[in-house]
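According to Swiss-Prot, the features are:
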type	residues	note
BINDING	R17, E18, L19, K20, K117, R515, C516, W561, E605	5-methyltetrahydropteroyltri-L-glutamate binding site
BINDING	I431, G432, S433, E484, D599	L-homocysteine binding site
BINDING	I431, G432, S433, E484, D599	L-methionine binding site
BINDING	H641, C643, E665, C726	Zn(2+) binding site
ACT_SITE	H694	active site, proton donor
Amino acid sequence: MTILTHTLGFPRVGLRRELKKAQESYWAGNTTREALLAVGRELRARHWEQQKQAGIDLLPVGDFAWYDHVLTTSLLLGNVPARHQNNDGSVDIDTLFRIGRGRAPTGEPAAAAEMTKWFNTNYHYIVPEFSKGQQFRLTWTQLLEEVDEALALGHKIKPVLLGPVTYLWLGKVKGEPFDRLTLLKDILPVYQHVLAELAKRGVEWVQIDEPALVLELPQAWLDAFKPAYDALAGQVKLLLTTYFEGVTPNLDTIIVLPVQGLHVDLIHGKDDVVELHQRLPVDWLLSAGLINGRNVWRADLTEKYAQINAIVGKRALWVASSCSLLHSPIDLSVETRLDTEVKSWFAFALQKCGELALLRDALNSGETAALEEWSVPIQARRHSHRVHNAAVEKRLAAITAQDSQRENPYEVRAEAQRARFKLPAWPTTTIGSFPQTTEIRGLRLDFKKGNLDANNYRTGIAEHIKQAIIEQERLGLDVLVHGEAERNDMVEYFGEHLDGFVFTQNGWVQSYGSRCVKPPVVIGDISRPAPITVEWAKYAQSLTDKPVKGMLTGPVTILCWSFPREDVTRETIAKQIALALRDEVADLEAAGIGIIQIDEPALREGLPLRRSDWDAYLEWGVEAFRINAAVAKDETQIHTHMCYCEFNDIMDSIAALDADVITIETSRSDMELLESFEAFDYPNEIGPGVYDIHSPNVPSVEWIEALLKKAAQRIPAQRLWVNPDCGLKTRGWPETRAALANMVKAAHNLRQAK
């Protein structure tokens with residue numbers, strides 16, 4: 001039995017972020033829809049050919065998305081919220097953009113659909129909305145069109161489809177409450193229709209993604225898989241695909257399904273290959289996810305060979321990435337500035353395809369010399385001086401319980417802070433960043449390229465900070481920020497100033513829609529060689545009598561939004577970062593900064609997928625935050641910010657952070673997230689986000705007032721702050737001014753109504 005290679009998906013955005021640029025040009029009205037569609041076609045053709053040339057036997061089709069693959073599935077099923085529909089009921093690419101962004105070049109603006117994290121990754125999906133009695137039909141044929149494209153190019157393909165049970169699991173009920181699982185019978189005919197169309201095109205295998213099968217699902221959801229797949233059986237071969245965790249706990253549910261193969265993630269799961277082989281039906285194909293799709297490290301192919309070789313020849317076998325390569329940068333070969341030694345430790349998406357081809361060839365032939373050669377740099381890395389720092393390891397080992405305790409409890413600190421800041425009721429602030437204009441980006445780029453000297457760069461940044469302070473004072477905000485003009489990304493900026501990180505030139509990965517991030521890579525022990533944010537925070541504070549917040553990204557978020565080391569635990573990395581940033585808090589405080597925000601938007605997304613594993617993670621995640629913050633004096637107010645979060649199941653841990661103020665993203669969920677804080681009787685101060693910064697729509701004063709009044713029904717008004725959902729980096733100044741002016745006006749109205 002010949003072993004084949006395949007990937008579960010490939011990065012969409014293009015090596016130079018061509019998709020991002022085309023999307024944003026289209027949204028701005030600077031290019032046509034036809035030009036946008038042409039960019040998509042060119043990228044798909046290029047990516048299929050690149051994977052094929054790298055040694056992939058079966059190419060994924062349907063992994064491309066104009067915004068998000070879950071949103072693509074919603075359109076496929078005709079699941080379009082009424083507020084986003086075209087008047088004639090048709091569906092087009094602007095429908096998709098209205099759901100994801102709240103507006104598009106055509107159609108009326110409307111509130112964007114909710115966005116949240118894709119399992120425990122840094123990718124976001126648009127949450128499907130379900131209503132009682134909803135109807136579904138095939139309305140968006142993107143998958144079929146892309147299959148036709150790939151077949152016309154002569155490729156051997158494997159279409160990719162998000163499975164029906166996971167799709168329903170990922171959604172939310174809107175309006176009258178009901179069990180969304182009851183919609184399964186209504187969406188299955190659309191899936192049957194799609195599979196029939198694929199069969200007509202001669203497709204043999206379809207990858208049907210059911211990552212919900214790695215979760216601790218309620219029994220009713222587990223029971224839904226059998227009737228669902230009974231309905232889908234018989235038209236094509238189905239590769240039931242899971243990732244991000246192991247499947248052994250749910251294997252009894254899986255092995256009775258009428259599918260022809262199973263993909264398992266052998267990186268993040270703890271499944272034993274031999275046990276899987278013994279328990280799976282004998283005629284099933286096993287797709288082994290042996291190459292990590294979520295990190296950038298070169299694989300130890302000798303180890304992978306040993307892991308899978310025991311079942312070679314005993315059943316049909318494919319080798320694959322653990323998950324979609326969407327989460328990896330595209331091509332290491334274009335990284336010309338990386339140190340040669342460090343570069344030899346990495347593999348990006350195309351190199352991972354090459355790793356699969358090497359592994360396939362070795363497993364088919366029994367010859368392992370090429371694998372041994374590939375793995376040589378991995379052995380060298382284990383002993384590199386770049387990896388180990390004795391001083392950091394010693395400091396980490398010396399941490400005591402006292403290092404994570406503030407001097408006094410919140411009630412005492414709050415009195416000291418009220419006396420220091422004398423803020424009005426409903427204090428207004430922003431989350432940190434202001435619009436990253438063309439001028440700001442150009443300034444940073446010129447400096448990075450050496451076209452601008454340090455003095456002129458600093459003068460330029462200082463001017464942008466000054467303008468941000470002037471804008472905020474003009475708007476009447478109570479607590480100001482410096483605007484972060486000097487920062488390209490909230491994680492990358494800190495990584496650039498901490499030892500133990502390296503950076504890529506083109507290591508972009510998609511976060512959502514057109515937003516891409518370039519995560520730093522943790523290659524060794526982490527320390528802070530010098531203050532990072534103090535100079536600019538101190539300068540901003542010198543420009544105003546109002547308090548200016550110091551802005552830090554928290555240790556868990558830096559960990560979650562970086563590519564981590566694989567030779568130490570995540571806890572070790574987080575606590576090393578916490579110790580480095582603890583020194584930054586002390587330096588900010590010494591420089592006269594009285595309010596310091598430590599953002600932890602990723603705290604919840606870092607949760608293990610299985611609830612039984614949560615406690616251990618939350619214990620060290622909370623401890624890392626507290627180590628970072630606990631050096632602050634009582635009169636220094638510590639803020640934290642979180643977004644895309646469901647809080648009700650981790651409220652104990654949110655409270656345990658002991659931040660004086662927490663700002664959260666609530667506008668897209670209509671303040672429903674505050675239910676968790678109300679039920680828990682959360683004791684500290686809260687800033688519920690009053691408008692969605694991911695949409696360019698400007699909220700009215702009345703809209704914001706209504707949200708704040710709703711918030712005050714749950715949280716005492718004296719503990720409420722007024723702020724946007726998130727940072728304003730991606731917005732333009734006109735909409736930012738308008739939205740913040742309305743926000744400040746709403747706060748003033750509520751003060752007067754007191």
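Backbone N, Cα and C atoms are what each Cβ position is placed from, and that goes for glycine too.
Features as recorded by Swiss-Prot, highlighted on the structure.
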residue: L19; record: 5-methyltetrahydropteroyltri-L-glutamate binding site; contacts (Cβ under 8 Å, 6+ apart): R12, V13, V39, G40, L43, S514
residue: I431; record: L-homocysteine binding site; contacts (Cβ under 8 Å, 6+ apart): V481, Q597, D599, H641, T663, G689, I693, N723, P724, D725, C726, G727, L728
residue: G432; record: L-homocysteine binding site; contacts (Cβ under 8 Å, 6+ apart): V481, E484, M490, K549, M551, Q597, D599, H641, G727
residue: C643; record: Zn(2+) binding site; contacts (Cβ under 8 Å, 6+ apart): P601, I664, E665, G689, D725, C726
residue: H694; record: active site, proton donor; contacts (Cβ under 8 Å, 6+ apart): R101, G102, A112, M115, Y512, D725, C726, T730
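The L-homocysteine site is set by I431, G432, S433, E484, D599; from the centre of their CB atoms, other residues of the chain with a CB within 8 Å are T430, V481, M490, M551, Q597, H641, C726, G727, K729.
For the L-methionine site, whose binding residues are given in the record as I431, G432, S433, E484, D599, the maximum C-alpha distance rounds to 14 Å. A C-beta separation below 8 Å, combined with a sequence spacing of at least six in one chain, links C516 (5-methyltetrahydropteroyltri-L-glutamate binding site) to V13, R17, K20, W508, V509, Q510. The DSSP secondary structure for S433 (L-homocysteine binding site) is strand. You'll find the Cα of E605 (5-methyltetrahydropteroyltri-L-glutamate binding site) roughly 22 Å from the Cα of S433 (L-homocysteine binding site). Here the CA atom of S433 (L-homocysteine binding site) lies 21 Å from the CA atom of K117 (5-methyltetrahydropteroyltri-L-glutamate binding site). Within its own chain, S433 (L-homocysteine binding site) has V481, G483, E484, R487, M490, G727, L728, K729 as residues 6 or more apart in sequence whose C-beta sits under 8 angstroms from its own. All protein chains shown were included, and the count of other CB atoms within 10 Å of the CB of D599 (L-homocysteine binding site) stands at 25. Ranking the binding-site residues R17, K117, H641 by the number of CB atoms within 10 A of their own CB puts H641 at the top.
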